[in-house]
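> Annotated [4Fe-4S] cluster binding site per TrEMBL: C297, C357, C360, in sequence order.
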Amino acid sequence: MGLTITEKIFSAHCKKECRAGDVIMAPVDGAMIHDITGPLAINVMKDMGGGSVFDPKKVIMLFDHQIPADSISAAENHVMMRTFAREQGIHNYDIKEGVCHQVVPEKGRVKPGDIVVGSDSHTCAYGALGAFSTGIGSTDMAYVLKFGELYFRVPETIRINANGKFQDRVGPKDLILTLAGDIGADGATYRALEFCGNAFSDMDIPGRMTCANMAIEMGAKAGIVPPDEKTWEYLRGRTDCTPFSLASDEDAKFFETRDYDVSKINPKIAVPHNVDNVVDVTEVAGKPVDQVFIGSCTNGRYEDFARAAEVLGDNVFSEDVRVIMVPASKAEYMKVLKAGLIEKFVEAGALVEAPCCGPCMGGAFGLLAPGEVSLSTSNRNFRGRQGSAESFVYLSSPETAAASAITGVITDPREV
Ligand SMILES: CC(C)[C@H](C(=O)O)[C@@H](O)C(=O)O
Ligand code: SF4
């Protein structure tokens, strides 16, 4: 019987055949730590005897959640991590580059076939580039920092066959929200999702990142798009790896296969307070919103802002809505700027902020008061996620967010 992509990646790293269900130790090709979970990982590594990290070139450090430091304790964490980076010879992107799950692929720190771990649950995002990447806890990260390997249970794979063409103003975020609603928040626990079909082969890399990013919202360890020419094109100039083929064998054993015709997918909304509480936008259209956030590692790339700008057209945003836009990285910010979209959005009434996680998890700014409603292009809508435990977060695509920011209520982007 053949092997899945996931089984092939682990087999290559362990230099023996690995099958779903095997518990193995595997070396990692990258380990990402950020300002929230990095300090604990470093302190536990020191408790384990400290010493040198396994390979400073494979440790990725950056600050993105509480930046610039929004408290004395955050500033102290940053200082502690900067000191560790200097002592260990680790390159620290500091507060300058943006959100971890945009910076890691953007800087060529992951490539197809890699195993990359990060002390952040959305590390599965790099599956968009054909890697097995997954979030781990800070104490596991301490072990990885010291030894460069970690134990894994090789996950079974759920294959998603998505074919067809999206309707206008419907796209990758609506597809991944559809999957979250169908599979459920724990429906893929400890499985790997594999994204196949021409909906993915036609999809650009940012769209694939949106989908892979949210694999964890179904409990999945990974969300992998088999590498193709688009993958290698994206990596050209970012890494020195030469293209190779990596795909599941046709006779590989899948835990489950699900088929989707994306032309039938309508704009979707995840309704508070669960990501798998997904409905067609028409079911909640007309609901007033107080704040619209376009950004995060899920939908903070130039392509996401271009989608929003296309819907905005010559309109302005509603006077009753606070529109907060945060590109996911410096590089993405510059693309949005050079395309004249910062000016367009500011003229329309938006507040455009420097790259960071921002309102996504109620961090440094953009917090909601009790009773307030946010429509967000991020990936989580748990109670209290963006502020008061009495506030409400709805999740959507950039297109739906832009349409709703114009009207002041949740709006089907196909109707503006
Ligand atoms: C702060 C970090 C631990 C957390 C995560 O792991 O996902 C955050 O990035 C989030 O999105 O909730
Ligand atoms: S943008 Fe949001 S989801 Fe992404 S890493 Fe930051 S807090 Fe987590």
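Here the Cβ of each residue, glycine as well, is placed from N, Cα and C on the backbone.
Remember, TrEMBL labels are computer predictions, not curated facts.
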> An 8 Å radius from the center of the C297, C357, C360 Cβ atoms defines the neighbourhood of the [4Fe-4S] cluster site; name the other residues of that chain inside it, in order.
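These residues sit around the [4Fe-4S] cluster site: D64, H65, V99, H101, G295, S296, T298, G300, A328, C356, G358, M361, S378.
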> Once the chains shown are all counted, how many other Cβ atoms turn up within 10 Å of the Cβ of C297 ([4Fe-4S] cluster binding site)?
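Step by step: centre on the Cβ of C297 ([4Fe-4S] cluster binding site), count other Cβ atoms within 10 Å, giving 28.
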> Tell me which residues of the chain lie with their Cβ under 8 angstroms from that of C357 ([4Fe-4S] cluster binding site), as long as they are six or more apart in sequence?
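Residues satisfying the criterion: D64, H65, V99, S296, C297, V326, G363.
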